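Remarks on the structure that follows.
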Amino acid sequence: MHLLFIVTASAILAYFRIGIDAAIITGRCNGASCRNDGYCMQISSNVHKCICTGGYMGDRCEERCDCLNGGECLRRGSLSICVCPIGFNGTLCEYRQPSRCDEAPCVHGRCILSKSLDTFRCECQIGFTGYYYLKSF
């Protein structure tokens, strides 16, 4: 038997959060185990957990998550919080944080922020080189 896994950032985050977010549910996985496109993960012969997709949370992925701008829902008991991506903050990740990329330093490239928002790197477009990719070759 061969298994194929397609791994995404959301799947990795879900994997590491499974002990926090997901409740253990008795019974076997079936079509009605998890709602809203949640993934049912069989833990043992009679125990499973639901891994929720973006926008949903809860034991069976029945609760809507209202995080904005790519924020991920994290459940702590009865409380849910949003884990915001780089560049956003606020209860629902609704506020954009100012960053060094706002100044558009990468003339012929894409500005990529560090986690601190204080530093960045430029990813150059094809055909450009040099500091901030000002020179063509």
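For all residues, glycine too, the Cβ spot is worked out from N, Cα and C.
Curation does not apply to TrEMBL; its annotations are automatic.
Marked as signal peptide by TrEMBL: 1-22.
According to TrEMBL, the domain 'EGF-like' annotation covers 25-62 (among others).
Sequence annotations record features per position, and here TrEMBL assigns disulfide bond to Cys52-Cys61 (among others). All chains included, 27 other C-beta atoms sit within 10 angstroms of the C-beta of Cys52 (disulfide bond).
If you look up TrEMBL, you'll see 63-94 (among others) marked as domain 'EGF-like'.
Taking Cβ-Cβ distances under 8 Å and a sequence separation of 6 or more, the neighbours of Cys84 (disulfide bond) in its chain are Cys67, Asn69, Gly71, Gly90, Cys93. TrEMBL lists Cys84-Cys93 (among others) with the feature disulfide bond.
According to TrEMBL, the feature domain 'EGF-like' maps to 97-134 (among others). Nonlocal intrachain contacts for the domain 'EGF-like' (97-134), taken as residues 6+ away from its ends with a CB within less than 8 angstroms of a stretch CB, comprise 86-89.
If you look up TrEMBL, you'll see Cys101-Cys111 (among others) marked as disulfide bond. Same-chain residues at least 6 positions away in sequence with a Cβ under 8 Å from that of Cys111 (disulfide bond) are, in sequence order, Arg100, Cys101, Ala104, Pro105, Phe120, Arg121, Cys122.
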| field | Fewest other C-beta atoms within 10 angstroms, as judged across Cys61, Cys93, Cys101, which are the disulfide-bonded residues | value | Cys101
| said: Can you give me the average pLDDT across the domain 'EGF-like' (63-94), rounded to a whole number? | reply: 86
